[in-house]
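*Asks:* Pulled these from TrEMBL:
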TRANSMEM  23-41  transmembrane segment
TRANSMEM  61-79  transmembrane segment
TRANSMEM  91-108  transmembrane segment
TRANSMEM  120-139  transmembrane segment
TRANSMEM  160-182  transmembrane segment
TRANSMEM  188-207  transmembrane segment
COMPBIAS  248-265  compositional bias 'Basic residues'
REGION    248-274  region 'Disordered'
TRANSMEM  305-324  transmembrane segment
TRANSMEM  336-354  transmembrane segment
TRANSMEM  366-386  transmembrane segment
TRANSMEM  433-458  transmembrane segment
TRANSMEM  470-491  transmembrane segment
Amino acid sequence: MAEAAPASPWWARRMTAAFGAPFLWLVCLIYFIQGFRSFVWTAVSYQMKDIMKLSPSTSQFLVSAAFFPWSIKPIYGIVSDCIPIKQRKRVPYLIISSGLSLFPWLIIGLSEHLRSSSNLFTLMLIVQNLGSAMADVVIDAMIAEAVRSAGSEFAGDLQSLSWSSMAVGGIFGSLLGGYALSNLPINAIYIIFSALPLFQLVTCVFVKESSKGFDSTIDNAAHDHADDQNIDSAFAGQGSGESFKYVSTRRRKGARKKNKRRTLSKRSEGHEKHNKSVNLYSSLKSAFISLCTAFKQPAILRPMAWFFISNSAVPNISTVMFYYQTEVLHLEASFLGTARVIGWFSLMLGTYIYNRYLKHKKLRNILMFAHLGLAIITVLDILLVSRLHIQYGIADKYMVLWGSALADAINQFKMMPFLILSGQLCPPGIEGTLFALFMSINNLSSTLGSFLGAALTSALNISSVQFDNLALGLTVQLMGTLLPIGFLFLIPRDVTGLTS
């Protein structure tokens, strides 16, 4: 991630001149909404706990299933690359994704029956995440294409703009989410949030995109219009039997020629559709083969294997901790929202520290210390659950705040190298799709870690009123956090956090 771009009028004018105000607005809006999702997902957590009365393990399982669409992002990239809609490559998919993000929240907000059914509720969450993941892939592809057209010197600026928008969205979403839960009915939160995908859908209409074949369509329309004018002028010459016979003869000949032309046109359209189908199949096949070939290279496979292990081997029991914080510690929604705000600021601080001090260090060392730091955070959670901090006069709120702040900052020390290394490993020609695959590996491994956490919670008989074995579950999580350190040999020895 590039360092923050200068917030000056000159920079804004330069970006607007290069990309256009509608495109920049669309980028900011989509990433802002991605961050602002914390506003509504806090309500989802309380919905499952307080209204559906689900156990921690069931909630963890359903949330993990709901986020599965983020694990198949390359499919969206390949489809948007190879299957243009009405000669427009990206914007129609943004419109589709906006609709998929909009209607589930609106339906959830309006239907009390759906809010009480865990299966239907989860289905709506899956559809909503499908829309969000698709929008994420498409806007990333549009950014890559825009940078390719405007020049690589804008890459850092667009990246800073997108990540800053997401951070601002996350901060506002976390602040307002806690307040909304304390002052609004939960269905109103879903309806209010649905306004943002609706606004995104309307914004897509104003983004211009080059369309192949547009000129030929105009030419064909002009040709048909000229034919109609010729026929009309022929009819205008009717005044005697001679002229009428002459005009009728011309009309019959013209009709035969036009019918012949239409027959040839239909045949050519049939051939064109067949060729498009063949080209589409070839494009999809070629993209899939290139993706598999690139991914099987040891230089790509080994680092990605480590990142996969580092997430999937750690049982994620964050939902259980949410139940514990609200049911046992009795922490309010507004406070948990404040903790998330601190987490977002810590994420930005972690990014600054990484860019300023760590990016020239050996990648193995960065990742090792990141996992050691995450292990320390787990120890703090064990102390919180064991109530050992009470004897030192440390309040529960401070333990939660420190844990949230440190966890987000340290996670960024791990995420930043992943993003940089992923960008370096992508070969020319399939950068977008392969990068989406790398991100999907990260998302899929995190999902598997969440499923593992749900299984662990169920095995330890942890419920919304029974947390006796939570400290044991956190100890297992601690062991899983340390396990990936033993697999750091998969990371190339001399690679740094900046370049290989």
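Cβ coordinates are placed from backbone N, Cα and C, and glycine is handled just like the others.
Curation does not apply to TrEMBL; its annotations are automatic.
Just so it is clear, the model here is predicted, and its values are computed rather than measured.
Please situate the listed features within the shown structure.
*Replies:* Listed by sequence, the residues of this chain that lie at least six past the ends of the transmembrane segment (61-79) yet keep a Cβ under 8 A from its Cβ atoms are 44, 48, 54, 93, 118, 121-122, 125-126, 129-130, 132-134, 136-138, 141, 284, 287-288, 291, 319, 432-433, 436-437, 439-440, 443-444, 447, 450-451, 454.
Listed as Cβ neighbours of the transmembrane segment (91-108) (distance under 8 Å, sequence separation of 6 or more from its ends, same chain) are residues 26, 30, 33, 40, 76, 79-80, 84-85, 114-115, 121, 124-125, 127-128, 130-132, 134-135, 138-139, 187, 190-191, 193-194, 197-198, 200-201, 204-205, 207, 209.
Counting only same-chain residues 6+ beyond the ends of the transmembrane segment (160-182), those with a CB under 8 A from a CB of the stretch are 1-5, 15, 24, 27-29, 31-43, 46, 139, 143, 188-189, 192, 332-338, 340-341, 343-345, 347-348, 351.
Long-range contacts of the transmembrane segment (188-207) within its own chain (CB-CB distance under 8 A, at least 6 residues past either end) are made by residues 22-23, 25-26, 29-30, 33, 36, 39-40, 43, 91, 94-95, 98-99, 101-103, 105-106, 108-110, 131, 135, 177, 180-181.
Distant neighbours of the transmembrane segment (305-324): 45, 49, 56-57, 59-60, 63, 336, 367, 371, 381, 385, 414, 418, 441-442, 444-446, 448-450, 452-457, 462, 464, 467, 470, 473-474, 476-477, 480-481, 483-484, 487-488, 490-491; these residues of the same chain sit at least 6 beyond its ends, with a Cβ under 8 Å from one of its Cβ atoms.
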*Asks:* Could you tell me what the rest of the chain brings near the transmembrane segment (120-139), counting residues at least six beyond its ends with Cβ under 8 Å?
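*Replies:* Counting only partners 6 or more residues beyond its ends, the transmembrane segment (120-139) has Cβ contacts under 8 Å with 26-27, 30-31, 33-34, 37, 44, 47, 52, 62-63, 65-70, 72-73, 76-77, 80, 90, 93-94, 96-105, 107-108, 113-114, 162, 197, 200, 436.
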*Asks:* In the same chain, who gets a Cβ under 8 Å from the transmembrane segment (366-386) while lying at least 6 residues past its ends?
*Replies:* 306, 310, 321, 324, 358, 396, 399-400, 402-403, 406-407, 410-411, 413-414, 417, 467, 470-471, 474-475, 477-478, 481-482, 484-485, 488, 491, 497
*Asks:* Apart from its near flanks, which chain residues at least 6 from the ends of the transmembrane segment (336-354) lie with a Cβ under 8 angstroms of it?
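*Replies:* Contacts with the transmembrane segment (336-354): 1, 3, 35, 38, 42, 163, 167, 170-171, 174-179, 181, 322, 325-326, 400-401, 404-413, 416, 497.
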